[in-house]
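Among the features that TrEMBL reports, active site is placed at H80, N153. The heme binding site annotation in TrEMBL covers R77, R117, F166, R363, Y367, R374. Residues or ranges marked as domain 'Catalase core' by TrEMBL: 33-421.
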Amino acid sequence: MSQDGSAPTGAETDKKDAQLAHHRENAGEAYLTTDQGIRVSNTDNSLKLGERGPTLLEDFHFREKITRFDHERIPERVVHARGSAAHGYFQVYESLADLTRAKFLQDPSRKTPVFLRFSTVAGSRGSADTVRDVRGFAVKFYTDEGNFDLVGNNIPVFFIQDGIKFPDVIHAAKPEPDHEMPQAGTAHDSFWDFASLQTETTHMLMWAMSDRAIPRSYRMMEGFGVHTFRLVNAHGRSRFVKFHWKPLLGVHSLVWDEAQKLAGKDSDFHRRDLWEAIEKGNFPEWELGLQIVEEEDAEKLNFDLLDATKLIPEELVPVRRVGKLTLNRNPDNFFAETEQVAFCVSNLVPGIDVTDDPLMQARLFSYLDTQITRLGGPNFAQIPINKPVAPVDNHQQDGFHQHRIPTRKANYTPNSIGGGCPHLANLANGGYVHYPERVEGEKIRKRAETFADHFSQARLFWVSMSAPEKEHIVKAFRFELGKVEREEIRQRMIVNLTEVDAQLAKLVADGIGVDVQTALKTVGRRPGKPAVAGSSTSPSLSMENTLKTSVKTRKVAALVADGVSEGELKDVKTALESAGATVEVIGPRLGKLKSAEGGAVPVTMALPTTASVMFDAVFIPGGKASVEALLKDGSAIHFVLEAFKHHKTVGATGEGVDMLRAVPFPAVTLADAKGGQGAVVDQGVVTSQGAPDLVAFAGAFIQALAQHRHWDRPGAEAVPA
Ligand code: HDE
């Protein structure tokens, strides 16, 4: 039994699945019927008056079929419309009873079922995955005490401090109201107009312009609860907490040029990546992290814990890793599960409570409210994916799509007719009792003074970045602001950036036709806020310091043609696959190629259907004829150059190295043409020529691939691909 004695240990992971099983339908061999169960004899021709005559109104099958089709769509989410989700489970490492009375955080043997939906924010349902945007990271825990939803993002802070500004920031970010452009991106006037006027956005803008906003994969993103929550233990002791999700594959990103190309080449890039990883059994994992702040220590911080534009540096309050979430099952049906799932910040279980963060307070209202429209009425908690595994019993009734048939005679509290049922639960019986925080004050529309600093943490972020990360941020600002037509908006943004860092402002200004001094004069420096000094850093903010130890689930393209060296291909492929990477053999067409050894090499992807942006690395095995054929194919040459441009690992063995030598490949030291032992590695380009040393090559290639990207590659910029 688990600690609360309510359920057998370890069995909880199946509870949600078992519940969903009741709703799954696949009758197999069966007759086609109408919604009323009447067997249909013909679904290809409507009922007409004569073969060429008009369709008859009495054709109930035709009318039902068309009517149902007409009503297939529901409103998409007003934000976070584009998303992908998966099922899994969460398990705590050790009891957190000292911190919280939430049962699912107390029993290490308990596997709590979860459903996790990732999303972009601004784009509509059909928009591209790889746009520059914040990513949603929403987790629903189906606990025995009811649903707990941790509705977070992949960025630990938010654009605004008070939820009343949410419609403004979203209206500004979404496509403009007259022409609905641009789709899913913020590189337009209205967003930067708002951002430049609302300086509290600055910290989040730094994150949004960083590589965090173009993740390599949902599986390689951090997640954050953003707000300060409370954990309350059985003695009623409350502590502040920030929630983190740490991906076990590390935090990695795309390159902006790559992200833009992917939006066309594979607009489902992240969705496909998640789906395929789970189908292959490469289950994504995150550790849940907690930053705990004792109530009495909150005052000691130099920012307000209730301000969602601030984070707690991990160097100040370390993240304690307390459990692991694993995604292990794709949904059966996108609409029924991923589209209909409804997360809500106010879905809380005993032991987890909220704070007075004014952003959070607005969210406590908004989610349920929006879902009443989106899901067609107030009964959406009965939709299978939303249904708790904990028993539900109350006097809420009626409304659209009521599925339950209540048989109680008394539908009110208190009652005697129904034996007083259902009963109220006190603390001991698992009742949710709000933390009795003491508050007093005047009713007032005012931002707290403690929320006034808009730049210190933006600066902390900037100074904590590595040189390549800084360069990417500058380029992202130049790209976004470069698309802003109104000069005064660009000027205002530059003035704001001077408050973050003078060098940052100058570098961005130089790229967008703004002179910093003129901008300062025209706009007038904001009163009371001189440029923030200070150079303390928070290394945990930099993706440079993430895990770079594994090549698990990394995708490698092996470029081949007829005459490829089967031995080189096979040995390297086997080595990569045993290290956990995936290798696609990419040839000029599907089918089988003839190898140099005379064997048949199956092609898994045809070159015209793919592109280097869909891979983490490229490998060119030897085989004279194969390399000669590749050198005659512009798209093969482009493939290799583009991978180099995007700082990816490029490898070649035997005559494969000749390809790198023959194309306008930037100055990189390659293996000696005369051949020799071992592998040569320069800027992430791995080569072994002549009779290649495949063991040394594979080892070096794997090591290079684990680095994710080779940012220190001076020639990359010069590649025209
Ligand atoms: Fe949301 N947000 N949000 N948000 N949010 C919604 O709820 C809202 C905010 C987040 O995969 C909506 O069901 C307000 C912060 C995610 O289904 C809506 C404010 C964070 C998702 C809503 C915020 C988030 C949503 C739209 C400012 C990170 C997608 C559809 C006070 C901590 C969940 C829906 C999914 C969705 C309101 C700010 C995360 C309109 C008013 C901060 C991941 O209710």
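Using the three backbone atoms N, Cα and C, a Cβ is placed for every residue, glycine included.
Where TrEMBL records a feature, it is marked here on the structure.
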residue	record	Cβ contacts under 8 Å, 6 or more apart
R77	heme binding site	G83, S119, T370, R374
H80	active site	S119, T120, V121, G136, A138
R117	heme binding site	G83, S84, A85, G136, A138, T338, V341, F343
N153	active site	V134, R135, G136, F137, G223, F224, V226
F166	heme binding site	I160, L359, A362, S366
R363	heme binding site	V151, G163, H227, V345
Y367	heme binding site	V151, A342, F343, C344, V345, S346
Message: What's the number of neighbouring CB atoms sitting within 10 A of the CB on R374 (heme binding site)?
response: 16
Statement: Looking only at the domain 'Catalase core' (33-421), mean pLDDT returns 98
